[in-house]
Every structure is written in C-alpha cells, then in structure tokens.
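Annotated features in Swiss-Prot:
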COMPBIAS  180-203  compositional bias 'Acidic residues'
DOMAIN    5-108  domain 'PINc'
MOD_RES   SER199  phosphoserine
MOD_RES   SER323  phosphoserine
MOD_RES   SER350  phosphoserine
REGION    180-210  region 'Disordered'
ZN_FING   258-330  zinc finger
Amino acid sequence: MAPVEHVVADAGAFLRDAPLQDIGKNIYTIREVVREIRDKATRRRLAVLPYELRFKEPFPEYVRLVTEFSKKTGDYPSLSATDIQVLALTYQLEAEFVGVSHLKKEPEKVKVSSSIQHPETPLHISGFHLPSKSKALQETVDHGPPADGSENLEFSSFMFWRNPLPNIDHELQQLLIDGREEEEEEEEEEEEEDELEDSDDDGGGWITPSNIKQIQHESEQCDIPKDVQVGCVTTDFAMQNVLLQMGLHVLAVNGMLVREARSYILRCHGCFKTTSDMNRVFCGHCGNKTLKKVSVTINDDGTLHMHFSRNPKVLNPRGLRYSLPTPKGGKYAVNPHLTEDQRFPQLRLSHKARQKTNVFAPDYIAGVSPFAENDISSRSAILQVRDSMLGAGRRRLNPNASRKKFVKKR
C-alpha cells in the first residue's frame, strides 16, 4: 500500500491507535485535536510518537468555505468547531499541493431512483446464506406447442371469459385423485430437499479463514489508495460526508480509502417533496410542519440513494393532536410557531437596559450616578430577553435548564 503524501489526522485516529506512519509521509493536525484527547493511554502514546506530528492552523477563508458547504449538506449541526478546522486544513492542503479545480463548490442534488426491490432488502450479506427458490418448479413448466387459430378465436370469444359453471362430478373425481397425488408429491419433495441441501452446502456465501480479509474490506466499502496526495483520517461520519461530497479523500483507520458515506436531507411525508436545506422547519411546497430527516448514501461516482426506515415510531402521530392555547398579544407574547410566515414580536430590551454609560463620550450627560444601571425590574428583564445584537430570540438562556411541564393542582 503506497503511503499518502499528506495526511490530516482527527482525534479518532489517535484514539483508535491508527498506524499513521504507515498511512502517510507527512502527518498534520491542529492543537485543538490534541487538547480534546483526555484518555490516559492515548496521551501516553502521543508523548512517544514514532513520527513527526506537524501542527498547522487553517486559513479563515477555508474555514468559512467548509462551514457554508457543511450547512448545505446538512451536517453542520453534527460538527464541532474542531471538526470544521480539521476539514478546512484538509481543504487547504489539497489547494496547496493539488489544486481546487476538481473540488465541488455545491453538494450533489439527490436523485431518487425507483426500483422494484425494497432498498433495505439485503442482497449479499457476508456470513449469511439466503436460499434460492427451487429450480425444479421452473423445469416442470411446459410451454407446449404454439396456439392455433381456432384456439385464438376461442380465447377472444365470450364463452372463454364467462364464469364457468360448477361441475360436481368432476370435483368428486378430482378429490380422489388429489389424495394419491399428495402422497407422491410429499415423497418427491423430501428427495428434492435433500438434494438442494447437499448442493447448498457446496456453494459459497460463508465466512472462512481464507476469505475473511476480503469480506472485511468489502464490508468497509474501502479501496487501496493509489496516487493520493492529500487525505484525512477520521471516524466521524459527518466529517466523512462533507469530505466525500467536496471531492476530498477520506482514509479509514486502517489506511484504506472510503468509497461511500451517508448524508441527510429533509423529506416531507405529506407531499413527498425533498429539500437539502437542513435549516427549514416547514415544507416549502405544502407549507406543513412535516419534514423528516432521511439518510442518503453518496457513492464514489456522486450518485445518491435515499433510505427509508421501516420503524413505525418514525412517523408516529402521537403528540401531534392537542388543543392550541389562546393567542396572546403584546411585546413579549410567546405563541406557538404554526406557519413559516408567522409574525412575532421583536422582543426588544427596555430603554434602561439599552442605555450605555460612556463618560468620555462628547454628548455624555451626567446623571445621578456615573455607573451603568442594571435593569432587573422591567418586563423584558424578568423574561430574560437578550439584546438583538447578541442573538435575541424566542428561547431560554439555557436550553438544557429544567422546567416544570406538569404541575399538580392541590
């Protein structure tokens, strides 16, 4: 396996003890990755690395580019600041040593390919043998001679298509014949099953010590890297999705190239329209709040396939039917978000909280106190409304803070 020229390592590569000296010649990472590692054994290995670990910070323009691209793919909520910097460093090294002409600026659009077989139906599973249908049934089908003109006339006539009248004598004779035929068929089926079992044992599909390495490579969807200049070793699926959709090379912990990755889109289960804008809450086609996250597989050739879950809990309507509260007015009203174009109050701070005390300002007017007043008595202060410049909105300061949902009445 030819080593990659420049390899960017994520925290997962160090935690999994990947042989980076065999995977690449020049190993890069950022300092935040090393700070993330708290494992005692991993930090002990980092102290005595058998290769030179180079620290390099990505440029801000590449960080912005990767951030915008990850928002379009829907992986931005799953990425941390360190992950984005690792992606930006990979993009920067690719731009320096290879170029950016082959990289994609926009993610691939989802193409839904319809097939007769269910997408979740297993075809070739390593270690599992799916018995095929009996070939004896196909051999017993006799096509017979071609139909004559008289038969065609009979087929197109009215008497052929009318419901046949019941023939009791024929049915009684058929019952006597069926009893003998069933006994003969049971004996023949037992013989055929024994023959099929013998033939199935000789076939492939089983994991043996001789083919276990090949099956492991096939299950990982990996290839041996050839003529690869820059690659990123990561175990994060969100990072792998972004790298593959941008056209960058993704390396597994064992040094193999990853061919497939999984991304996500939003699909409306009301009108069945899809969108790659993961920031949407309401469907842009029907306007309902019926968008669900659907996984999409991205192959190495850029084709995408959607995978639907059979779990009934995914589309469980429980909790969707409830009485709406009475709409409230005022500057600080909190009403449920029902439509995309619904208007909400601005939730501005009080006049006292917006005052800035700057004694060196030319238009400063001395008041009772030269110090800034802390507003704690106004309605906005009680509701913990923040400044719009700092991201004011309809949410609590701490979304993880516990709050009482159900209060028992005494």
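Here the Cβ of each residue, glycine as well, is placed from N, Cα and C on the backbone.
Sequence-distant neighbours of SER323 (phosphoserine): no residue of the same chain at least 6 apart has a C-beta under 8 Å from its C-beta.
Remark: secondary structure over the domain 'PINc' (5-108) totals 57 helix, 14 strand, 33 coil, with classes taken from DSSP. The residues of the zinc finger (258-330), classed with DSSP into helix (H, G, I), strand (E, B) and coil, number 0 helix, 23 strand, 50 coil.
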